[in-house]
Amino acid sequence: MVRGLPSTASLVRFCQKLNRLKPLEESTMETSLRRCLSTLDLTLLGVGGMVGSGLYVLTGTVAKQMAGPAVLLSLAVAAVASLLSALCYAEFGARLPRTGSAYLFTYVSMGELWAFLIGWNVLLEYLIGGAAVARAWSGYLDAMFNHRIHNFTEAYVGTWQVPLLAHYPDFLAAGIIILASVFISCGARVSSWLNHTFSVVSLVIILFIIILGFILARPHNWSAEEGGFAPFGFSGIMAGTATCFYAFVGFDVIAASSEEARNPKQAVPVAITISLGLAAGAYILVSTVLTLMVPWHSLDPDSALADAFYRRGYSWAGFIVAAGSICAMNTVLLSSLFSLPRIVYAMAVDGLFFQVFARVHPRTQVPMAGILVFGGLMTCLALLLDLEALVQFLSIGTLLAYTFVATSIIVLRFQRAPPSSSSGPASPDPSVKEYHSFSDHIQLVGTEQALAPEPGQLRPALRPYLGFLGRYSPGAAVAWALGILVASAITLACVLVFGDSGLHLPYGGYILLLLLSSVMFLFSLLILGAHQQRRQQDTFQIPMVPLTPALSILLNICLMLKLSYLTWLRFSIWLLIGLAVYFGYGIWHSKENQRELPELTTTRYVVFPSTNLEETVQTVQPPSQLPSQEPSPTE
């Protein structure tokens, strides 16, 4: 071997470090946080995270520029597409009642490096999302006072002409983040109560908008004289769906808060489903009355609802709409500030991030260091930076997290059930039994034959027809099928998004690639469906696995491919910074790295008896520690 080059064994060990999994502890309810959130608390957290400024801005923009009155169909399709990802979060949140959300779900199924990168991206998502909402809140309030705040700041502070910096410092946005951080640091009950207040006020105002909007509705605005119901056709509805999909981003705050829920196995799935249903209903009904009150082509994209009431002679209703938008943006900001320090806390507890963020305040039982540091970073972003160029980071980070969570659902369904955890790293594994005598061997074989098929094995009913798959070790065929599924989903998404012109293919080659990728996608689904899955009766499980998460993976990849090249470039730079943090700190301080050291003192030997029976696994001491003695006659 050349001096200075790592050996093959060291490279293998290094790769194993990157892919090590966090132990799956589904039943534990122990936590240093306070379990005080009810189903209602989680539901309102989810509603607050989804029903934000998008309800007051996004509906008018999509209606005028993309779909017309058919925006309600775009929202309905987007809600169903979001439901695919929401169900994945619901199953994980019920089975793993720990904080961490997508980071934790990836850690227990995909590996440590992937989990860190997902957590790293989620941090950026919450930072930019919270700062952008604070900026929007400041701008909306400034508009209510005829831009006096803006003019005052420019007059007495001045303007900047520096790349990536805002034209002027937004002290109002920074102030609202600091105030929200103070409330979040007071504990989960205080922040939940505050979120309740803003969410209830927001929902009441939305109900007022819907009722008054239907009273003022004019069905003529959907007629052919005004352009019809779908003036941009099917393509416009689909373009609106891609934009409206981001309106329902925010339900992951429920999964991130599962460690503080009283009964997460029931509360998390119910809260995610109800909150997504309420948000979808609010968006669809508001967009319906908006396009019925005034013609879609005359909407003001920046303030569609307030302008619609003003044009119908109800200018006083515009102030109510403005109050509702501010309350809605407050709930989104609270959701971001509530989830962000908890993701950091989960990563720090696992040793992948700096340990100072793993400390919990003894009285309020919240991760105070994460609130202070990342609340301060969010304040600086809102105060100084130009966030318009960075907002697309929200999309790529969210979609990547959704993709990994959906993939993790498939991995988890075909994993073997974890052995019962022991109290210490050096304690013997209770699932391993020593078999010495011939009668013990017979008992072992009979027991294995009576056991039901394990997850990852071919279903017994299909073995006569798919016997070639039964020759693989449990899980091997599933791993290959999952890899083919992801690869074919990426290929199919490229074909659907870019088309023959974007891929520079002849029409015949384009059709061939479309058919081939579709067939491979369906073939991998059939292979996965032919294998046994883990079934649990006491927790929520997604129906139609692997089809449901597979469709979520395909949809998320399609939406990611629609983002600009500049967004992917910036995202790559952020990933490189994350890799530097992981290889500089996380990989060496990981708790899984500490667990590997005691495990080296125990070695497993596989003994093949001469009687050609099933292999017997014995757990013994290392040879250097074995006392010299003669073997027992029964051995």
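In case you wondered, yes, glycine gets a Cβ from its N, Cα and C as well.
Residues or ranges marked as transmembrane segment in TrEMBL: 39-58, 70-90, 171-190, 197-217, 229-255, 267-296, 316-345, 391-412, 477-498, 510-530, 542-565, 571-588 (among others). The domain 'Cationic amino acid transporter C-terminal' annotation in TrEMBL covers 540-590.
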Other than its close neighbours in sequence, what residues sit by the transmembrane segment (267-296), given a CB gap under 8 Å and a spacing of at least six beyond its ends?
37-39, 42-47, 49-51, 54-55, 59-60, 62-64, 68-69, 71-72, 75-76, 79, 82-83, 86-87, 89-91, 93-94, 97, 203, 206, 209-210, 213-214, 216-219, 221-222, 226-227, 231, 244, 247-248, 250-251, 254-255, 258, 261, 304-305, 307-309, 311-312, 540
Does the structure show the transmembrane segment (229-255) and the transmembrane segment (391-412) touching, where I'm treating 3 or more Cβ pairs under 8 angstroms (sequence separation 6 or more) as a contact?
yes
At a C-beta cut-off of under 8 Å, are there same-chain residues at least 6 beyond the transmembrane segment (542-565) that contact it? List them, or none.
81, 84-85, 87-88, 90-91, 242, 245, 392, 395-396, 399-400, 402-403, 406-407, 409-410, 413, 485-486, 489-490, 492-494, 496-498, 521, 525, 528-529, 533
Looking only at the domain 'Cationic amino acid transporter C-terminal' (540-590), report the model's average pLDDT.
90
Contacting positions for the transmembrane segment (316-345) when only residues 6+ beyond its ends and CB under 8 Å are counted:
45, 47-49, 51-53, 55-56, 99-101, 103, 119, 122-123, 126-127, 129-130, 133-134, 136-137, 140-141, 144, 176-177, 180-181, 183-184, 191, 194-195, 198-199, 201-202, 205-206, 208-209, 212, 250, 252-253, 256-257, 259, 305-307, 309-310, 353, 357-358, 360, 366-367, 369-371, 374-375, 378
Using a Cβ cut-off under 8 Å, which residues of the same chain at least 6 positions beyond either end of the transmembrane segment (391-412) come close to it?
24, 84-85, 88-89, 91-92, 95, 101-102, 105-106, 108-110, 114, 118, 121-122, 124-125, 128-129, 132, 246, 249, 252, 482, 485-486, 528, 534, 542, 545-546, 549-550, 552-553, 556-557, 559-560, 563-564, 567-568, 570-571, 574
Residue numbers, six or more beyond the limits of the transmembrane segment (197-217), whose CB comes under 8 Å of its CB atoms:
44, 47-48, 51, 55, 278, 282, 285-286, 288-290, 292-293, 305, 308-309, 312, 314, 317, 320-321, 323-324, 327-328, 330-331, 334
Counting by DSSP, what is the helix, strand and coil composition of the domain 'Cationic amino acid transporter C-terminal' (540-590)?
40 helix, 0 strand, 11 coil
